[in-house]
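Down below is the structure, laid out as structure tokens.
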Amino acid sequence: MSEFLTPERTVYDSGVQFLRPKSLDEFIGQENVKKKLSLALEAAKMRGEVLDHVLLAGPPGLGKTTLAHIIASELQTNIHVTSGPVLVKQGDMAAILTSLERGDVLFIDEIHRLNKAVEELLYSAIEDFQIDIMIGKGPSAKSIRIDIQPFTLVGATTRSGLLSSPLRSRFGIILELDFYTVKELKEIIKRAASLMDVEIEDSAAEMIAKRSRGTPRIAIRLTKRVRDMLTVVKADRINTDIVLKTMEVLNIDAEGLDEFDRKILKTIIEIYRGGPVGLNALAASLGVEADTLSEVYEPYLLQAGFLARTPRGRVATEKAYKHLKYEVPENRLF
């Protein structure tokens, strides 16, 4: 996948912190999530209590990290940021937990990647605001219970199915983020352009939005590249011509597909006669890992209606045939 269209963080996402919304009012989209979160935040503040633990789940690039920072901002408290893969030993987690002050937010990204020992230490911290640590080794080792300050854990995951039941059940607030509409992305792009001190036409913002795969991170990334084109051609505002020139350079088509996306669909249509084809067979034909194909490439193709999953395998849809200008088989059932 093009580095410009991956929903994962890349080097092209540096220097965008100033574009992040600082409050729920500034946050565009995810209306149901915002309503639930706003209610919980307001109630916690009115009662003077620590906010319940929050799990933010959904595909990458939709704003989970931004929401974690907004939670801390709305509560006017500190946020401590870490991630599942970084917390290797119980001592790593204990050091963070014992440094928290009352009401602080502990944000753990990729929380589904916590190892079992660290996760188990977290259980009592979440539930009782206590941790048990072992002092010494062998027969003389003993467990010491330490009280910690009440805090709010905010966990983010792109794969909520990998969370253990004991961990998931300890979150009082579970919020599922979904892909954004073109209208929402258009507003995000216009806001970003304004903050970058760039004028953008409405039709140009919509053109970028349609290529952003329902993901704000991609929308911002593409807007930055369009701004580069604006600078090079020495124009005074972003219009549709400038957007089209940029997308041509980036090899991104009108549906937001790049060269490898099109290769996936062409492989299914040409080699496997439109499918169904199993994940492993398709991955082998494309020269990628099966997990990479299912987790990185497929979500947008499924969401946009170019690909369908059936009990027998992946199938290219009628939309895929038409987009790639293949003749749709007369006897084919989609």
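Cβ atoms are placed via backbone N, Cα and C, with glycine included.
Noted in Swiss-Prot for the protein shown:
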- Leu19, Arg20, Gly61, Lys64, Thr65, Thr66, Glu127, Asp128, Phe129, Arg170, Tyr180, Arg217: ATP binding site (BINDING)
- Thr65: Mg(2+) binding site (BINDING)
- Arg309, Arg314: DNA binding site (BINDING)
- 1-180: region 'Large ATPase domain (RuvB-L)' (REGION)
- 181-251: region 'Small ATPAse domain (RuvB-S)' (REGION)
- 254-334: region 'Head domain (RuvB-H)' (REGION)
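Using a 10 Å Cβ-Cβ cutoff, Phe129 (ATP binding site) registers 17 neighbours.
Here the Cα atom of Glu127 (ATP binding site) is found 39 Å from that of Arg309 (DNA binding site). Shown in sequence order, Ile268, Gly275, Pro276, Val277, Gly278, Leu279, Leu282, Glu298, Leu307, Ala308 are the residues of the chain, 6+ apart in sequence, with a C-beta less than 8 angstroms from the C-beta of Arg314 (DNA binding site). Spanning the listed ATP site, residues Leu19, Arg20, Gly61, Lys64, Thr65, Thr66, Glu127, Asp128, Phe129, Arg170, Tyr180, Arg217 have a farthest Cα to Cα distance of 37 Å.
Non-local contacts of Thr65 (ATP binding site) by the CB criterion (under 8 A, 6+ apart in sequence, same chain) comprise Phe107, Asp109, Ala156. For the binding-site residues Leu19, Gly61, Phe129, Tyr180, a Cα to Cα distance of within 10 angstroms from Arg309 (DNA binding site) holds for none.
In the three-state DSSP assignment, the secondary structure recorded for Phe129 (ATP binding site) is coil. Classification of Arg309 (DNA binding site) by DSSP places it within a strand. Take the CB of Tyr180 (ATP binding site) and look out to 10 A: across all protein chains shown you find 24 other CB atoms.
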